[in-house]
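If you look up TrEMBL, you'll see HIS66, ASP104, HIS312, GLU316 marked as divalent metal cation binding site.
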Amino acid sequence: MDLRELVSALNDFASPSLAESWDNVGLLVEPSPPHTVNTLLLTNDLTEEVMEEAVQKAADLILSYHPPIFTPLKRVTWKTWKERLVVRALEHRIGIYSPHTAYDAIPHGVNNWLTKGLGGCTSVPLHPSTAPSYPAEGTHRVEFCTDTEHLEVVLSKIKDIQEISCLTTFPARVEGEEQTRVTLNCSQKALLEVVALLSQNSLLYHKTEILLLQKPLLPHTGMGRLCTLSEPVSLSNIMERIKSHLKLPHIRIAVGMGKTLESPVKKAALCAGSGSSVLKGTEADLYLTGEMSHHDVLDAVANGISVILCEHSNTERGFLSELRDMLATHLQNKINIIVSEKDRDPLQVA
């Protein structure tokens, strides 16, 4: 497949617009076009060892769940390992694509895969995603009525305000008088200027309505998951299920205040990777994530919530096998998709 065609298909699989605002997703390194992709390598972390594997296996594109370029690079030299990744990628004409939190949010993504470690359950996003393209522009809608005498003056002043869109006018009858109804969409910043303008005319201002434009929630899409188990299960049983699902010999456990390993778990909140900010404040019997700060663990335990930590990438990496199969179907088996054999969590239990 042509790289640009493949990137378009990957964006259809999980829209980059679903990623968190702080994230850096999409195509990060692009060889000069045209660039044909025959082999796609999937990895959780793009390390130098994984890059060497990509070179040896003649990969044309690396899909790295974590973006190897996150903070801006001021130069591309051989000095630091992330700069060397870019150099090696371009030397060997290998593209780099990262989905990261877009894959966290989608219904068929990383967090959905992690819920399978709990056993039978139903789940909903902890922080639902909103539709990315509706409404198209503006955060507020302003509507007001004015007579013909003031219409042209008001419209000319409004058109001088930045960040206003969807400005429309249509005839209206108000209290038996022929008037014009004006509607417009605007940003939060522009709203202040619009209100200041309209407030100069008290009659105009008193006929003004301001509506907050809220984007609809996307079903089953968003950060984290709150899972309700089909049947309550002891904490010790849940621990074994999770170890089995993640293929880990050891996990870390903090037992909630007043709880034991035999205490039942009915509701579990989870977030792949580093979940403190997503899980915080959620009422549940259990928090499941890769890593949390010491003080966030203390807070959870004091509130009677047990915490299971599995190390950051251990809660993500196992998804790659499912992803390989889903992408093969999505891409109609047009390319060879392989999962890295060198990718691993940097932390080991000694």
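From the backbone N, Cα and C atoms, a Cβ is placed for every residue, glycine too.
A TrEMBL annotation is a machine prediction, not a hand-curated record.
Apart from HIS66, ASP104, HIS312, GLU316, the divalent metal cation site neighbourhood in this chain, defined by C-beta within 8 angstroms of the site C-beta centre, holds ASN44, TYR65, HIS100, VAL110, ALA272, GLY273, SER274, GLY290, SER313, THR315. When Cβ atoms from all protein chains are considered, those within 10 Å of ASP104 (divalent metal cation binding site) total 29, not counting its own. GLU316 (divalent metal cation binding site): 25 other CB atoms within 10 A of its CB, across all protein chains. In sequence order, GLY273, SER274, GLY290, GLU291, ASP345 make up the list of same-chain residues 6 or more apart from HIS312 (divalent metal cation binding site) whose Cβ falls under 8 Å from its Cβ. Listed in sequence order, the residues of the same chain lying 6 or more apart from HIS66 (divalent metal cation binding site) and placing their CB within less than 8 Å of its CB are ASN44, ASP45, LEU46, SER98, HIS100, SER313.
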